[in-house]
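Below you'll find the structure, written out as structure tokens, and then a few comments.
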């Protein structure tokens, strides 16, 4: 039972006092967090979606330089979540890290609006030719977008983790609600992204960049205000259970020191603290698992030299095992994450070669078909949450309907189907090219751009399973004191997809030029072999999927104790309620 209606997982309010389950957290708190996410994604993609066009048209950079700049900036935005995870887990906590990042983000948005709006920063004409952007203009522009990247990156892992913190793990009802949270998180993210790519981009190109970025800034302001409105009802994890990086690195060091010692026959003989230690410290005990056994040597009791240098506990060892297990899954997601880069690069280039007229006056932008990926996600996620999960829950008895890695596997398998469709459509396009004797890069292939619509829809369906599944997996499997770092694993998969796809394309370009003297992915897609690229993506995805299935079969999910955390002990209150109970 709950202690007089208080939460069972040790969550507190902003002042560090225990919180009532009935008046805090759950859906009423997550409404503010989900609304924040929708408006923040609107603001972020309002900046990023058209950044290449701004650099080429306003800063007059060449295409290669602009693309490189955008990739570097985007990579920064998706790598800095690791920094945000370290700050949130080890130092400031989720809420204050979010608050700090919002301030940084706001400074960046303000600088960007000023840089793109003030007359002194606008491009000037000289003899009918635009002058190159001045050094001061470039300095302020890059300062603004990289400030945005840092603020956004620090926010990403903390805000989603903070949202999941609003549900009590020791309450069966709230634990079920947390499953829906990750699905709705992906849903509102897609809403904000779609609105920005359709609305803000149009404003920027039609009415001016200053106005377009100003609307993005307003979206961010609304996001910030919305988030702060929920402060009175937010739940916060106790800071007593914060992560200590030194503990994490100590485990392999002690295991290596004890490498010549014999492991005991039973894991019960390994060093572990009493349950009261974890209750008093606001942390959770993790039970022993039979994987990465070499790390168990760090918990051998015989290794005790003196009181100042005790052996590691089983929980400390299992923390390292969890990170290693997640790292293995992360490595196997690098190939699937390539599709997220292909959606917004090669697909667009392929679409520009095809017939894009819709009626007599409307010309479909090739990049706009990506919106069908987002629309598919918006349609499928509510169906998954409201119908698929309850249907599977009745048959498997699992709260999520299916295991987390099974959900990810379904998404990866659908990606492979999409790769097959991509290859088939490209074969059809090349057949038309041969029949019509098309050779020029600017010649339009008499084949509707809607031929590539199915691959967009199939990838949207794959993302329904994959993206929310990855976020939920990395959050759930992270040690309690390292939840933000777990979420950073998810965001870094996107960065890994961008970087690994760039490496793959570069390798294909060099290999094909060396073998045939002509790149498979040259500037003229009417005289290339994009089909070979899609075929290679299909093959490596299928091989990677086979390895993923083998790894996930042996994956051991986290096993934590189910003992309630005594919130009164954590805040130091003198109470007479029982200190230990079962949830």
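Cβ atoms are placed via backbone N, Cα and C, with glycine included.
Unlike curated records, TrEMBL annotations are generated automatically.
Here TrEMBL flags 95-115, 135-155, 181-203, 209-234, 322-342, 362-384, 405-425, 456-475, 487-508, 532-551 as transmembrane segment.
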Among the ranges 209-234, 405-425, 487-508, the one whose Cβ pairs under 8 Å to the transmembrane segment (322-342) are most numerous: 487-508
Recorded stretch, among 181-203, 487-508, 532-551, maximising Cβ pairs under 8 Å relative to the transmembrane segment (456-475): 181-203
Selected stretch (most C-beta pairs under 8 A with the transmembrane segment (362-384)) from 181-203, 209-234, 532-551: 181-203
Winner by Cβ pairs under 8 Å against the transmembrane segment (487-508), considering only 209-234, 405-425, 532-551: 532-551
Remote residues contacting the transmembrane segment (532-551) - C-beta distance under 8 A, at least 6 residues beyond either end: 328-329, 332, 335-336, 338-339, 342, 346, 408-409, 412-413, 415-416, 419-420, 422-423, 426, 505, 508, 512, 520-521
Tertiary contacts of the transmembrane segment (405-425), as residues 6+ beyond its ends and Cβ separation under 8 Å: 329, 333, 336, 339, 451-452, 454-455, 458-459, 461-467, 469-470, 472-473, 531, 534-535, 537-538, 541-542, 544-545, 548-549, 552, 555
